[in-house]
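Asker: I'd like to ask you about the structure that follows.
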Amino acid sequence: MPVGVTLLLVLAVLIYFGLLQRILDRMHLSDKTALFFIGAMAVGTFLPNIPLGMGLSINIGGGLVPIGLSVYLIATADENEEKVRAIIAALLTGLAVYAGGRLLPAEPETMLMDPLIVFSILAGLIAYILGRSRRGAFVAGVMGILISDIIYALGLTTRPVKTSIGGAGVFDAAIIAGVIGVALCELVGETRERLQGGTEKADKEKEGDEK
């Protein structure tokens, strides 16, 4: 079973038992909506690709559904600033991942780590830094991988080869990158809130002692 599908199943179980409700609330996603998109991505990866012409095709679960989810998250953002930030973060993440792919060795066997993991971590970190919110980080992580794949695929249209946008490896990388981006936002955000809460408590105790 692909890594991406396995990760989606784990997320579905966590959502079903309400363990990710806080994160979903921050992203303005209901559990039913989240499970719908997860199911669509998981099932869509096993469906035939949709041909786009010029040797290009797009995977339903790895391309169309993640793009649709990203558009939905951007459209439901409260502020225009967050929408613009998510779009810019996705574009910059995509360019960074594509550039990283050009710089890495052509033979994966020469690398110490699987390229899938390298690109996922790279996209997740950049998505967290640029996205700033859980919603923005997820969009930037997922779309960053897909944008990089689209750029690569367009470069092959002049050659007599067929390529699929959002194929198995790209699908896995996109899901992992999105999860990493959101996880970093949640971890850092939770830590910051606890530190601020501790500081505020200390200030109140100090004020009480002074009185």
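Each Cβ is built from the backbone N, Cα and C atoms, and glycine gets one as well.
Marked as transmembrane segment by TrEMBL: 6-24, 33-50, 56-75, 87-105, 111-130, 137-156, 168-189.
Help me picture these features in the structure, burial and contacts included.
Answerer: Beyond the ends of the transmembrane segment (111-130), by six or more residues, the same chain brings 3, 85, 88-90, 92-93, 96-97, 100-101, 104-105, 136-141, 144-145, 148, 169, 172-173, 176-181, 183-185, 188 to within a C-beta distance below 8 angstroms of the stretch.
Same-chain residues lying 6+ beyond the ends of the transmembrane segment (137-156) with a Cβ under 8 Å from its Cβ atoms: 27, 55-56, 63, 66-67, 69-70, 73-74, 86-87, 89-98, 101, 119-120, 123-124, 126-128, 130-131, 163-167, 170, 173-175, 177-182, 184-185.
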Asker: Among 33-50, 56-75, 87-105, 168-189, point out the range having the most Cβ pairs under 8 angstroms from the transmembrane segment (6-24).
Answerer: 33-50
